[in-house]
C-alpha cells in the first residue's frame, strides 16, 4: 500500500511525503525534498512497531537542520578538499560549504536540497524519484540525469538503487544519510548497539575531518569490527582518532564483503546491509548536539548511527583510491539492501 500526504513546501513548491507499507506491517516514508527517508517503522521482538531512524515532523525542520538527516547525498558523498574537482586535467571549482574551504556532501545545492519528482511502482511497494542536476546549478561538470529508487519488499527489505548518466565526464558518489537507532522511537542512545562488518583497512582523518591517503590496518586498533562489539567500546576509547571525531567514529572503512550487521539486544531488532559499494563511512552521531527535538525525543549526541555506504571520500586527491569519475555515455548504478529482522 502507498499513501501520499502534504509535508510542507520549499520556496512555494509543495513537498509531499510518500509512505509504503508491506504485507507484514512494516512501512517506510520518504519525502520529495532530498529523497529524505522520514520514517522506518519496524517491529521489535514483542511485535511493537516503532520508528528506527532520527526523524522530524515536517519538511521545514529538515531544511533548518544541517546534518543531512535521512537525505540522499550527491553528487559527491563526504568531503572534497578545497572544493576542487579535476577531471582529465581540467579543474572545476565548486562553492564550498564547510568552513568556507571544503565541499561536504555535494555542497549547498546537493541532492539533499532539491525537490525530486516521483512516481510509484506497481510491483510490491516502489517509489521512483528523478532529478536533473545541471553544472550551472551545482558547479559539477555536465548535466546529470539521476534517479533513486526506494523499494520495500514483503521480506522487510528496503532496496535503494541509484542510477545516473551525464552528458559530460563528471564526478558521482552517492549515499543515504539516515541515522539508525534500533531501540525504537529513539528510546535509548546507540551505545549498546552491536556492530560487525569485515574490513582490513580504514582511513584516518586530519584535524579538518579530511581523509588521509594511507590505508591503515584496523587490527590492533579500536576500529576493528571484524567481530561483533558494542559501539560503547569505541565511544569510550582514548585513541587520538576517536577524540578527533568528538568521541566516536566518523571514518571511512574499506569493505571486504559488502555486508554490515547492526543489532540492539533490548528490542531484538537487527539490520543487515548488503551493498556493492567498496566502502562505508561510519558516523556515531557524536556531533548531533541538542537544542532541538526529533519526533518522540529531544536531540542529543549518539542518538543515531550513520552507515554511509559509498566510494571513498576525497578521492580526487588520492588517485590510488577507487575512481568516482562517471564518463559521458556510461551508466552509474549502485544497489544497497537494508533488511530488518528480530531475534
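Heads up, the Cβ atoms here are built off N, Cα and C, so glycines get one too.
Record features, source TrEMBL:
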- 177: active site, proton donor (ACT_SITE)
- 308: active site, proton acceptor (ACT_SITE)
- 177, 178, 179, 250: beta-D-galactose binding site (BINDING)
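Neighbours of residue 250 (beta-D-galactose binding site), defined as other CB atoms within 10 A of its CB across all chains, total 20. Each residue contributes its Cα atom, and for residue 179 (beta-D-galactose binding site) and the residue listed as 'active site, proton acceptor' these two points are 9 Å apart.
Taking every pair among 177, 178, 179, 250, the residues listed as contacting beta-D-galactose, the largest Cα to Cα separation comes to 14 Å. Residues near residue 177 (active site, proton donor) in space but far in sequence (CB under 8 A, at least 6 apart, same chain), listed by position: 68, 69, 70, 71, 72, 73, 105, 112, 306, 308. Excluding 177, 178, 179, 250, which define the beta-D-galactose site, the same chain contributes 67, 68, 69, 180, 283, 285, 304, 305, 306, 307, 308 within 8 Å (Cβ to the Cβ centroid), listed in sequence order. Sequence-distant contacts (6 or more apart, same chain, Cβ under 8 Å) of residue 178 (beta-D-galactose binding site) comprise 37, 40, 53, 54, 69, 70, 304, 306.
DSSP assigns residue 250 (beta-D-galactose binding site) to a strand segment in the three-state reduction.
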